[in-house]
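Scroll down for the structure; my scribbles are underneath it.
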Amino acid sequence: MSETIIAPLPSGLLPDEASPEWLNKGDNAWQLTAAALVGLQSVPGLVILYGSMVKKKWAVNSAFMALYAFAAVLICWVTWAHQLSFGDKPMGIMGKPNLGAVTPKYLLEQQYDKMIPKADYVFYQFVFAAITVILLGGSLLGRMNFYAWMIFVPLWLTFSYTVGAYTIWDKGFLSKHIIDFSGGYVIHLSSGVAGFTAAYWVGPRHVNDRDHFPPNNIIHMMAGAGFLWMGWSGFNGGSPLAANEITSLAVLNTHLCTATSMLVWMIFDSIFFAQSSVVGAVQGMMTGLVCITPAAGETSYFPYSRQILSITCMLFQQICKLYDI
């Protein structure tokens, strides 16, 4: 009877201080990649998109608003906002603020039952928080003074975003009652409602700007939209915090819904407004990305449900556009 010979693992796969037994290097590599993809959605994605979709006189200010928000959110997130969103000791609607809790020792620990370090999770949640604030800023382009925006960003992150993240994603009272795979509520709904509210209180743009608001560079606008679309692979694909089959499903669903929404938007633009446009195609693309986010990894849907979901959201948007709602 022959004995089974087990070959020793290569030295690079053996556990050590830098690679403990609980660490899955594949999951770790994917999580860092996903976080980088989401970061690229903001910088340079939304920086380019915002700088090109407004009038030329606002281009630099609009792009800089996105760049500033990305940097400011990082400092706030590591210093206190991560603990408010995912802290160990609850305060009802947010975690207990604990300045300086995100230490090197904390970052090298295992992220609960996942096979990644907490450093991955902190970075991944940071890029989520950053893009939420930047998406909100899209409602304020050409409206808000830059210095007011500098104050607004840390305040909104601290007192609004952290509440949603804690109550829905962490230990809050809504965590068991809401299906939010990758940020449909925490990111898109919160930034949409906050953007609408902020735009209302800041006030409308000048009447001449409202009547004629063309993008200043269509090519750059498409480039920014491309970063946003491709980056969504990490946005939804990184939410399982592992490189598994749900990750693959979420990525495929994301692109399927987005493509459907963009193409159907172009068709309806041609029907209702006699022509399709790049601006309309980008709007359709973003509608698809947003509507699939809370359900990207769900496995209980029937065939073609992703396309139906994107078409439904797109039709609602078209009705609002048609009746100027």
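In case you wondered, yes, glycine gets a Cβ from its N, Cα and C as well.
Over in TrEMBL, the protein carries these features:
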type	residues	note
TRANSMEM	29-51	transmembrane segment
DOMAIN	29-297	domain 'Ammonium transporter AmtB-like'
TRANSMEM	58-80	transmembrane segment
TRANSMEM	121-141	transmembrane segment
TRANSMEM	148-169	transmembrane segment
TRANSMEM	181-203	transmembrane segment
TRANSMEM	215-234	transmembrane segment
TRANSMEM	246-268	transmembrane segment
Under 8 Å Cβ-Cβ from the transmembrane segment (148-169), and at least six residues away from its ends along the same chain, one finds 65, 68-69, 72-73, 76-77, 80-81, 84-87, 90, 93-95, 125, 129, 132-133, 136-137, 140, 175, 178, 180, 185-186, 190, 194, 198
Considering only Cβ pairs under 8 Å, which range in 58-80, 121-141, 181-203, 215-234 makes the most contacts with the transmembrane segment (29-51)?
215-234
